[in-house]
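Peer 1: Quick one: the structure is below, and I'll ask about it shortly.
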């Protein structure tokens, strides 16, 4: 039962149109990307920087360095595949979540709310990561390029096809699936748990502001918990590229990752660069991920509200 502060379309028992959810998810993806594109570039540059290199030090300094060496537009490198990825990812994530949520509620009516949210969120994350992965990899490759020459999406695709084949578009997908599955499950679980707690204490003075911040809280928790795996994913996405000389002064670092398992790569990073390497870029990651998650969830819910209002208006005499 949803007695809360506002309708929650992600709640167990809520019957949501899969079609409407896909549209709302696409819209949320566009808004989320528009707000955070430059931060994404800075975050990924941090994650890809080996410990031997000390080029990018602080957020402001990194932005100045990128603009000085590559121009202002460099902060939007990879924006075309990234925007497409956010649209596809948002559509599949929320669409599959609604579908799994409806099916799970019908098949397992006694399943707990939090248990269902965690399970359905994981399934939605796994599905969306597989569908959108080639776009995610393209985004990382384009952002990693430090030269002033702007590689086009078509050129990058052609180089990947010639040098790596079809498999090149899915390099590191198992790690990505782990990252996104965990992140999505934690995000939806945190979001729903915060809203449930607020509904159970709706008369308390803090319930409304905390409920309004549920998307921010969900983004913070999910990103912090999976960031080390996300760093591993980024490094694996560029390790087979023939352009690694354009990504760092120490391309041999990435070459050493080739033909190794994700476990072996993490061990190598820990041994050569320390634990801090897995968290490099976390501050910018939170600056980007927290508003991204909050905007995505907010826009999705408000778009679904518009669909609800439209249906009620259509039924009115």
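Along the chain as shown, the residues are counted starting at 1.
Heads up, the Cβ atoms here are built off N, Cα and C, so glycines get one too.
Keep in mind the model is a prediction, meaning the values are calculated, not measured.
Feature annotation from Swiss-Prot assigns repeat 'Solcar 1' to 16-103. Taken from Swiss-Prot, the feature repeat 'Solcar 2' covers 112-197. Taken from Swiss-Prot, the feature repeat 'Solcar 3' covers 206-306. Sequence annotations record features per position, and here Swiss-Prot assigns transmembrane segment to 15-37, 80-100, 118-138, 168-190, 205-227, 281-300.
Distances, neighbours, how buried they are, the whole picture for these features please.
Peer 2: Helix, strand and coil content of the repeat 'Solcar 1' (16-103), in residues and according to DSSP, is 73 helix, 0 strand, 15 coil.
Tertiary proximity for the transmembrane segment (118-138) is limited to same-chain residues at least six positions away from its ends with a CB under 8 Å from its CB atoms, namely 78, 81-82, 84-85, 88-89, 92-94, 96-97, 100-101, 104, 111, 153, 156-157, 169-173, 176-177, 179-189, 237.
Sequence-distant contacts of the transmembrane segment (205-227) (same chain, six or more residues past either end, CB-CB distance under 8 Å): 4-6, 179, 182-184, 186-188, 190-191, 194-195, 197-199, 278-279, 282, 285-286, 289-298.
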